[in-house]
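Have a look at the structure below before the remarks.
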Amino acid sequence: TLVTAGIYLLIRFNMLLIDMFFFKFLLLLSGLTMFMSGVSANYEFDLKKIIALSTLSQLGLMMSILSMGLPELAFFHLLTHAMFKALLFMCAGVIIHMMNDNQDIRFMGGISMYIPMTSLCLNISNLALCGIPFLAGFYSKDLILEMVSMSNLNMLIFFLNYFSTGLTMFYTIRLLMYLMINDYNLFSVYNLYDEDYVMLKSMFLLLFMSLITGSFLMWMIFNYPYMVYLSFNMKMMVIYVSLIGLFMGYLISNMSIYSLNKFLMTYSF
């Protein structure tokens, strides 16, 4: 709620701002925000910074769709994003506590063996953030990107939106590889205690919400369905971009051992 207060304010006042030059400027700025925060999240090793930058990327997405004159869609994405991002922050908090207040993801690994329920919540909320079909994030994100495809905007805005979606998938898979798939580093083996059952109660509630709230809010908010008329490849573009991002994230994460920055190795190409 705190982070998205400015966006909520602009959604409330969107009638004042409509058809202004400021909105076109805001569209460019929010697209660049999406893109730059997506790129920054890929270079980051701090667990909280990755999640904060992904939040910033989603804020850019909400602002860009608001700048196109679709405030209901921006509000819809704000609500669905609230569900899985709250869950994501709770899971990250649990993990940081269990790691003895250490936030570096290079020191984590094999967490799913020790705290499986927290890892389940983390992974499902991450996948909802990516826009995996039929989770919460898919409904809003897919509709937003289809409205971008239908609008008569230039190629830059189109590219920024789709590439930022790919980057979202990218840093999610990177986080998944670091936290779940890597071998256990034995960095803080004496600090991994059992699941935090007090946190799990509210986490499972949020997990349920981030599964159903996309379709539910879509029935609740829009009093008429959006008519989206696109060719098959344009409809599937979101899925294509997600799959490319998944594949690239997997490849980059497999390039070497934990402590070395993967992206430093791409400079030698």
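Each residue, glycine too, has its Cβ placed from N, Cα and C.
According to TrEMBL, the feature domain 'NADH:quinone oxidoreductase/Mrp antiporter transmembrane' maps to 1-167. Residues or ranges marked as domain 'NADH dehydrogenase subunit 5 C-terminal' by TrEMBL: 171-265. The transmembrane segment annotation in TrEMBL covers 6-29, 50-70, 82-99, 120-139, 159-181, 202-222, 237-260.
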State the residues, same chain only, that lie 6 or more residues beyond the ends of the transmembrane segment (50-70) and have a CB under 8 A from a CB inside it; answer 'none' if no residue qualifies.
3-4, 7, 10-11, 14, 18, 23-24, 26-27, 29-35, 37-38, 40-41, 44, 77-78, 81, 85, 88-89, 92, 105, 129, 141, 144, 147-148, 151, 153, 157, 160-161, 164, 167-168, 171-172, 175
Let me check one thing: do the transmembrane segment (82-99) and the transmembrane segment (120-139) come into contact, meaning three or more Cβ pairs under 8 Å with sequence separation of at least 6?
yes
Using a Cβ-Cβ cut-off of under 8 Å, list the residues of the same chain that are 6+ residues beyond the ends of the transmembrane segment (202-222) and lie near it.
72, 75-76, 79-80, 83-84, 86-87, 90-91, 94, 117-118, 120-121, 124-125, 128, 134-140, 143
Same-chain residues near the transmembrane segment (159-181), Cβ under 8 Å, at least 6 residues beyond its ends:
31-32, 34-35, 38-39, 41-42, 44, 47, 50, 53-54, 57, 60-61, 64, 95, 105-106, 108-112, 119, 122-123, 126-127, 129-131, 141, 144-145, 148, 237-238, 241-242, 244-246, 248-250, 252-254, 258, 262
